[in-house]
Amino acid sequence: MKWIEVQVTTTQEAEEAVTNIMHELGAGGVVIKNPNDVKLLAQSDNWDYLDSSLFEEEGNIKVFAYFPIASDTTDKINILKDRIVELKSFGIDIGNFDVKVSEVDEADWENNWKQYYKPLKIGKKIVIKPSWEEYVSQGEEIIIELDPGMAFGTGTHETTKMCLEFLEDIVMPESIVFDVGCGSGILSITSSKLGAKEVYAADIDEVSVEVARQNVELNNLQNVKVFKSDLLSEFRGKADIIVANIIADVIIKLSAEVPKYLKEEGLFLASGIIKSRKEEVLQKVEEFFEVLQIREEGEWCAILSRKK
């Protein structure tokens with residue numbers, strides 16, 4: 001089967017938004033080539049081999065989307081271009097935006113990359129395991145089964161990794177967790193496996209909602225509820241922890257709303273914040289929260305705060 005490969009060159013800041021647009025347009029797969037991710041993974045012991053050419057590229061991110069050849073494929077590509085350019089109106093830097101389109105065979109991308117994706121340990125005991133890989137838990141490790149590439153959130157991106165490390169420290173046995181913009185469901189699944197009592201996960205993107213449901217089922221979890229919601233609009237009740245791994249503009253918008261959905265002294269974990277906008281986000285967060293800790297990795301930061 002032939003597929004259309006759409007290669008978008010953009011910035012780290014725009015990476016997540018571009019990926020989400022691709023999924024919303026029905027991409028059969030999305031692959032992100034990020035030099036910083038390669039450097040991060042190289043620090044672990046989960047790789048048998050790392051090609052030196054992977055370290056030669058610096059700067060821009062390349063995001064590849066794969067669409068089946070159909071009568072509306074050209075229209076989808078044009079919509080993709082328009083929506084990426086539109087990101088500038090939301091204050092997102094798309095950099096030297098470039099799009100290349102080519103035709104590829106399914107075998108060139110659908111399965112070959114899997115041999116290089118290995119179980120990844122994050123924090124003290126979290127292990128992200130691709131669904132096709134065999135792995136035996138060591139000691140107190142908790143295994144998160146995931147089919148990467150279907151929606152944002154595989155554990156390799158700095159924003160997701162920092163959230164997982166924070167969750168390992170803050171989730172308690174009686175915790176109720178709200179995951180806003182859940183993507184693949186990785187943060188919700190991890191919260192449940194860390195012992196949370198109830199977890200509610202939502203995304204505005206129907207593809208992400210379906211993917212998160214599949215991953216929850218893959219992990220045999222009964223206490224994680226996944227649904228469609230525009231940010232917090234469909235959430236009910238109050239949580240001990242609200243996590244949002246989104247983008248700076250949305251974190252700023254959410255900051256005034258999150259306290260209404262948090263219990264007294266509840267925690268707000270915000271990630272997906274590019275370093276260049278950290279101070280802007282902090283200024284808004286500090287209006288409603290006491291900032292407890294800030295973590296930085298690569299070009300990104302995550303903020304843990306407590307309701308005032």
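Backbone N, Cα and C define each Cβ position, glycine as well.
When the candidates Gly139, Gly181, Gly185 are compared with the S-adenosyl-L-methionine site entry in Swiss-Prot, which names Thr160, Asp203, Asn245, the shared residue is Gly181. The secondary structure of Gly181 (S-adenosyl-L-methionine binding site), as reduced to three states from DSSP, is coil rather than helix or strand. Around Thr160 (S-adenosyl-L-methionine binding site), a 10 Å sphere centred on its CB holds 26 further CB atoms from the protein chains shown.
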